[in-house]
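S.K.: My structure is below; once you've seen it, I'll send some questions.
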Amino acid sequence: MKPHLKQWRQRMLFAIFVWGLLFLAIFIYFTNSNPAAPMPSSFSFLESRGLLPVQGKQRVIMGALQEPSLPRSLEPSKVLMDGHSASPFNSWPGDPQKGDQAQDGFDNGDEFFTSQVGRKSQSAFYPEEDNYFFVAGQPGLYHHRQGALGLPSPGESSWQSGPGQPKQEKLRHPRRGSLPEEAYDSDMLSTSMSRAFLYRLWKGTVSSKMLNPRLQKAMRYYMSFNKHGVRFSRRGRREARRTGPELLCEMRKRVRVRTLDGKEAPFSGLGWRPLVPGVPLSQLHPRGLRSCAVVMSAGAILNSSLGEEIDSHDAVLRFNSAPTRGYEKDVGNKTTVRIINSQILANPSHHFIDSSLYKDVILVAWDPAPYSANLNLWYKKPDYNLFTPYIQHRLKYPTQPFYILHPKFIWQLWDIIQENTREKIQPNPPSSGFIGILVMMSMCQEVHVYEYIPSVRQTELCHYHELYYDAACTLGAYHPLLYEKLLVQRLNTGTQADLHHKGKVVLPGFQTLRCPVTRPNNTNT
């Protein structure tokens, strides 16, 4: 019996050894798999909900998104690797000049943009340093639980984990001596943007070359798509080197807020003249407003405690469906003007005609039109049908000031952005935020803009009132948001402290500017 028992034991040991090898092989296989490989389910979710429409009616304008639910496939445990938060922004460590050396995006020809299309990306920027690990295909699933002024809540690290993750160790600083000290205020910066990149954004030294490859692809897609038929002549490159005061004076000379007045075809033939308000938008406050606030809907405004400061202004502009109830401490409760895109009017879920959100305020609507500003073509085929709801609202509330911005005004703003940017920008209209800023600069002596350029509370939460995360909401894909913000940064007359801690930019109103008088050259001898 002993030889048989010994043989049986040997077989058992051999079987255990084989199973051990098999388990080890499986373990090595999964641990060596590439965690940065794209996850199709994640990207398809982002394509459908966050950034770029593919065509026509699926266009997404910032501020009009429906509140989405996060897909089950995006598990929080897959967002982090080795305890490190996935920073979606390139920090450009080691060479602070690298990010500035973006090549001029203009072609040799005088015109660009021909035909159209679009895609979307989940995260705006990607790191090249090993210290920052970005999981491709994952949107910014950062847990939105911050203390006052964007500081992490007790028990959290200053670089937050995904939802439900335990406390993680802080990331190592990438060659701290290579960047100014302000870039490493680790106790103040939130998690979804690298210290170095946010500092560069405050300084206006970022470019599209730092964008995540997918977002760059989305931008190229829109440039080739050119839905609105943009044909722009570059007119030289000196404009991109204008100083802030020079740019302000140029904008004062060219920017004229214009709305539909019912005098142009096809509206004149449709009886719109008595329908539109008798007093033009630019003349509602003939003496001008002293101080105005433009409140962005960015998620970064949460936990800011800016509500009292915002309400102290003479007038407050808000966007689309952004509420105040329940958010008064951070955003205030005063609303004077509300800029709304055409989706707000056309989508029944917004209850535009009956909602109290759109009552007792000045309403200013807009819709993308062809670059040619052909009103007949626009009326026949708007991006979203805002004309019928506009008529219904005017008939029901004839005394409420309600205007539709003229397409020429919208595209005039786009021209100014492109002329003052060395790179090609997306051939799509500016964002509602940029439009609102320019409208208020024409009406107010001083404009305070909150969280257009992000503060230390920067987060991937798109809007403070919607549970939807996407880093692209900060830099855009459909709208040329990156270039808009760089231009506004050049105009800022406020302090760096306000920009960093409040996300506040201060802009002078056009009426307060003292610009040199341009005299025509005397050709007489």
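Heads up, the Cβ atoms here are built off N, Cα and C, so glycines get one too.
Note that the structure is predicted; figures quoted are calculated from it, not measured.
Straight out of Swiss-Prot:
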type	residues	note
DISULFID	Cys249-Cys515	disulfide bond
DISULFID	Cys292-Cys444	disulfide bond
DISULFID	Cys462-Cys473	disulfide bond
REGION	85-107	region 'Disordered'
REGION	145-183	region 'Disordered'
TOPO_DOM	33-525	topological domain 'Lumenal'
TRANSMEM	12-32	transmembrane segment
S.K.: Need the DSSP three-state call for Cys444 (disulfide bond) to compare against my parser.
M.R.: strand
S.K.: Given Cys462 (disulfide bond) and Cys249 (disulfide bond), what distance in Å do their CA atoms have, once rounded to a whole number?
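M.R.: Rounded to the nearest whole number, the Cα-Cα distance is 33 Å.
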S.K.: Between the disulfide-bonded residues Cys292, Cys444, Cys473, which lies closest to Cys515 (disulfide bond), Cα to Cα?
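M.R.: Closest by Cα: Cys444.
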S.K.: Quick check for the class: what is the C-alpha distance, in angstrom and rounded, between Cys444 (disulfide bond) and Cys249 (disulfide bond)?
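M.R.: A Cα-Cα distance of 16 Å.
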S.K.: Between Cys473 (disulfide bond) and Cys292 (disulfide bond), what C-alpha distance do you get in Å?
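M.R.: Cα-Cα, rounded: 24 Å.
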S.K.: Between the Cα atoms of Cys249 (disulfide bond) and Cys292 (disulfide bond), what distance do you get, rounded to the nearest Å?
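M.R.: Cα to Cα, Cys249 (disulfide bond) and Cys292 (disulfide bond) are separated by 20 Å.
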S.K.: Could you list the residues of the same chain, at least six apart in sequence, whose Cβ is under 8 A from the Cβ of Cys292 (disulfide bond)?
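M.R.: Looking at Cβ-Cβ distances below 8 Å from Cys292 (disulfide bond), excluding near sequence neighbours, one finds His313, Asp314, Ala315, Val316, Leu317, Thr336, Met440, Met443, Cys444, Glu446, Val447, His448.
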S.K.: For the disulfide-bonded residues listed here (Cys249, Cys444, Cys462, Cys473, Cys515), which one has the lowest count of neighbouring CB atoms within 10 Å of its own CB?
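M.R.: Minimum Cβ neighbour count within 10 Å, taken over the disulfide-bonded residues Cys249, Cys444, Cys462, Cys473, Cys515, occurs at Cys515.
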S.K.: Three states by DSSP: which one describes Cys249 (disulfide bond)?
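M.R.: Assignment for Cys249 (disulfide bond) reads helix.
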S.K.: If H, G and I count as helix, E and B as strand, and all else as coil, what does DSSP give for Cys473 (disulfide bond)?
M.R.: helix
